[in-house]
Structures are given as C-alpha cells and as structure tokens.
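According to TrEMBL, the features are:
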{"type": "ACT_SITE", "residues": "D178", "note": "active site"}
{"type": "BINDING", "residues": "G101, E124, I125, N155, T156, C175, T251, E252, E253", "note": "S-adenosyl-L-methionine binding site"}
Amino acid sequence: MNTKPENNKDNNQIEQIEKKVKIQKPKKADFRMHAHVNPLNETLFPYPLNYNQVDWSLHYPKKFGKDPLKLYLNTLEYPITYDDQVNPECSQSIVDFLDIGCGFGGLCFALGDNYPDKYTFGMEIRGKVVNFVGEKIRALRNEGQAHNVSVIRTNTMRHLPQYFRKNSLEKIFICFPDPHFKKKNYRRRIVNPGLLSEYAYLLKSNGRIYCITDVEELHNWHVQHLEKHKMFKRVQDVEQDSTAKLIWNSTEEGQKVERNKGSKFIIVCEKV
C-alpha cells in the first residue's frame with residue numbers, strides 16, 4: 001500500500017497556513033519625510049565597493065530559491081552588509097529596468113505588472129520611503145505578486161556604477177526629479193554630463209533613458225544635455241513607445257500633476 005510521507009503532509013499544512021496569513025500593505029502616512037535629500041552629502045549607510053559585492057539573490061529571492069518575504073533594503077530596519085563574499089552566480093545582475101529616485105514605487109510596480117518577464121529595480125536615497133516600498137513589495141509577494149520588483153536605499157549620484165556592470169540595463173527612468181532651481185545647486189541635478197556618461201556606460205546598445213518632469217525649465221535642461229551628449233540620440237516617435245506612455249501617470253508625482261491639471265514634459269533618448 002502506498003502512503004505519503006508524514007513530512008509531505010506537514011509541508012502541505014504549512015503552505016495552507018501561510019496562504020491564510022495576510023501581510024497588510026503599508027500606509028504612506030506612516031512613512032512621510034522631507035521631499036529631498038542633498039545627494040552630495042557624505043554617504044552614511046553601507047554601499048558596495050564594486051558590483052561583485054552585490055548579492056542579487058537578496059533582492060529577487062524567488063529567482064534564486066530563497067525566502068521571498070525577507071527584506072534587504074539597506075535601511076536601519078532592513079540592513080545589508082557588503083562584507084561577505086558573494087557567490088558569482090548571485091553577483092550577476094538580472095536587472096532590466098532601473099528607476100532612479102523611485103519615490104513611493106508607483107512606476108516600479110507598474111513596470112513589474114506590465115513586464116512580468118523583466119526585473120525592475122528602484123533606487124531611492126530616503127530611508128523611510130524605501131521601507132514603504134519594500135514593505136509593500138513584501139505584502140504583494142505574499143499574494144504571489146511583485147517577485148520581479150525590488151528596491152534599495154542608496155545614493156545614485158555617488159554609487160551607481162558600483163551596482164551594475166557595463167552594458168547591462170535596458171531602460172533607465174528619471175521621473176519628476178528635484179529641479180534644484182538655484183544655479184549653485186545645478187550640480188545636484190540627476191541629469192548632467194558626467195552622470196549621462198555613467199548612464200550610457202551601463203545601458204545596453206539601443207537601451208533607452210526616459211526623463212519626465214512638470215518643470216519646463218528642467219525639461220529644457222534635460223533636452224540640452226541629452227541632445228549634446230554623443231552617446232545618446234533623441235527618440236522622435238515617443239508616442240509609439242509603450243513604456244513612455246506608462247510613466248506618464250504611474251508615479252505618485254505624475255498623478256499629483258494630473259490632479260492639479262499641470263503640464264508634463266518628456267524626453268526619451270536611445271544609446272547609440
């Protein structure tokens with residue numbers, strides 16, 4: 001007579017219990033903080049010395065057969081250390097889409113839903129905001145979603161090339177960044193000649209960068225520097241790009257502009 005092993009029975013019971021446990025999604029009101037942080041300040045939280053120290057199995061655990069509900073966000077509440085040696089298989093980035101300054105993660109989740117076979121990674125400098133996105137990811141993963149979305153606290157202006165290899169990203173998104181209106185603060189802008197060279201270095205051939213803002217003066221700045229950069233050419237038929245349509249209203253800031261009936265300005269460029 002064939003009987004199922006007792007441990008299989010126990011595993012089935014555990015799975016049934018796990019499915020009944022619902023993880024509540026976080027509330028934004030509990031994670032509010034200053035809208036902007038000076039990216040030129042000294043980095044006071046951990047960061048990798050190079051991309052070989054980044055363990056992507058911590059960020060996309062289901063892909064690597066690990067616990068999908070454990071968070072590693074590089075915040076005080078969900079810390080990461082970059083001291084341990086990383087398995088080479090886990091240090092090979094699987095990220096396709098990068099959202100720089102992802103805020104509360106609206107675009108990351110939209111990209112995850114619309115491109116289930118792609119991996120989206122959000123980078124954000126504000127710790128509380130990262131915790132919100134991370135806890136929302138955990139709640140969604142508990143429901144079988146968002147396994148292709150992750151987020152981390154870091155300073156992109158200082159440490160971006162320490163996370164990714166050359167020619168590894170398909171798309172980079174910069175949505176409603178801080179305009180830094182004062183001329184003395186232009187060097188804080190996330191689009192500038194030096195950073196554009198970094199973005200080009202990390203993008204695959206024909207990879208695209210998307211910049212959207214509700215500030216026309218900042219849009220003109222984006223256009224000026226992107227069109228001048230020798231590694232980028234402007235995409236003219238933006239309306240044919242489904243991803244460009246997606247970023248229009250996916251971010252919380254974009255939705256706010258929409259509610260206030262404000263204007264939005266977008267430029268999409270392709271790496272040559």
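Here the Cβ of each residue, glycine as well, is placed from N, Cα and C on the backbone.
Annotations in TrEMBL come from automatic prediction, not curation.
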Between T156, T251, which of the binding-site residues has its C-beta surrounded by the fewest other C-beta atoms within 10 Å?
T156
Cβ contacts within 10 Å for I125 (S-adenosyl-L-methionine binding site), all chains included, total 21
Could you state, as a whole number of Å, the largest distance between Cα atoms of any two of G101, E124, I125, N155, T156, C175, T251, E252, E253, the listed S-adenosyl-L-methionine binders?
21
Distance, D178 (active site) to T251 (S-adenosyl-L-methionine binding site) (CA atoms, angstrom):
14
Neighbour count, 10 Å Cβ-Cβ cut-off, for G101 (S-adenosyl-L-methionine binding site): what number do you get?
23
Please work out the number of neighbouring Cβ atoms within 10 Å of the Cβ of the residue listed as 'active site', leaving out its own Cβ.
18
Rounded to a whole number, how many Å is the Cα of I125 (S-adenosyl-L-methionine binding site) away from the Cα of D178 (active site)?
12
